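S.K.: I'd like to ask some things about the structure below.
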Amino acid sequence: MTYSPGSPGYPPAQSGGTYAGATPSFAKDDDGKSKLPLYLNIAVVALGFAAYLLNFGPTFTIGADLGPGIGGRAGDAGTAVVVALLAALLAGLGLLPKAKSYVGVVAVVAVLAALLAITETINLPAGFAIGWAMWPLVACVVLQAIAAVVVVLLDAGVITAPAPRPKYDPYAQYGQYGQYGQYGQQPYYGQPGGQPGGQPGGQQHSPQGYGSQYGGYGQGGAPTGGFGAQPSPQSGPQQSAQQQGPSTPPTGFPSFSPPPNVGGGSDSGSATANYSEQAGGQQSYGQEPSSPSGPTPA
């Protein structure tokens with residue numbers, strides 16, 4: 001049986017929720033500061049140690065014009081490499097947690113190392129040539145000095161570091177997903193479903209009962225509230241073989257009796273409503289009577 005919407009026995013309809021889009025969060029820095037000074041200090045340390053390693057290569061060579069059999073490595077950059085290595089050590093000390101920062105001292109020492117390396121390259125003694133390791137060594141020392149000076153300017157507030165870009169956090173908490181909406185509405189309990197196949201004769205007969213204005217037995221095609229009529233499993237010739245009495249409403253609903261016969265004689269049979277099931281299906285109260293077979297009396 002079915003329940004009309006709003007009645008106490010009617011099941012609550014499940015409302016389909018909307019799909020809430022995932023809102024990715026962006027991870028911010030803990031202190032909101034740029035990490036550019038940290039990267040520059042790391043560069044100062046790396047460039048200082050690179051200059052120290054390049055000093056083992058041929059920075060200066062003895063020319064062959066000094067005499068036969070004379071040639072080879074003449075020496076190293078000397079003081080410039082020592083000063084650059086000192087700047088790298090001081091910058092590395094400032095990277096330690098809870099350590100005092102020496103950005104000013106590192107910048108001064110790094111600039112001094114760059115000036116010494118440039119001076120040694122320009123004031124080359126006669127009979128000496130610059131080896132291949134001297135040029136990358138000078139480049140490392142100069143870049144170290146530039147990085148140390150930029151760190152000092154950032155620390156003093158002369159220049160401003162760019163704001164850190166928010167990074168997408170793949171492990172961030174996504175927004176909650178709402179309930180998915182139902183595909184269609186569930187049929188009422190007792191509502192006739194679709195028939196898989198057609199009935200014989202190309203017609204589909206649905207049982208008819210009392211009128212829908214009483215909230216009782218309605219046609220099986222559309223739900224009228226109350227107790228829905230169940231479709232008859234038999235149709236066609238099988239229905240004609242069975243005769244059913246008038247549909248009896250359930251307990252608590254008003255019953256309806258056939259109307260009295262109007263007139264007499266042979267017309268009385270045609271005036272009464274036919275409550276038995278005909279070959280085409282059942283007829284309800286108030287349905288027009290079927291015309292009797294045979295010739296109509298004049």
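Positions of Cβ are set from backbone N, Cα and C atoms, glycine also.
Got these off Swiss-Prot a minute ago, pasting:
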type	residues	note
COMPBIAS	191-201	compositional bias 'Gly residues'
COMPBIAS	202-211	compositional bias 'Low complexity'
COMPBIAS	212-228	compositional bias 'Gly residues'
COMPBIAS	229-246	compositional bias 'Low complexity'
COMPBIAS	247-261	compositional bias 'Pro residues'
COMPBIAS	268-291	compositional bias 'Polar residues'
REGION	188-298	region 'Disordered'
TRANSMEM	42-62	transmembrane segment
TRANSMEM	77-97	transmembrane segment
TRANSMEM	102-122	transmembrane segment
TRANSMEM	134-154	transmembrane segment
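Looking at the shown structure, what environment does each listed feature sit in?
M.R.: Residues 70-77, 80-81, 84-89, 91-92, 95, 106, 110, 113, 124, 127-134, 136-137, 140-141, 143-144, 147-148, 151 of the same chain sit 6 or more residues outside the transmembrane segment (42-62) yet have a Cβ under 8 Å from a Cβ within it.
Only residues 6 or more beyond the boundaries of the transmembrane segment (77-97), in the same chain, are considered here, and those with a CB under 8 A from a CB of the stretch are 38, 41-42, 44-49, 51-52, 55, 59, 103, 105-106, 109-110, 112-114, 116-117, 120, 134, 137, 140-141, 144, 148.
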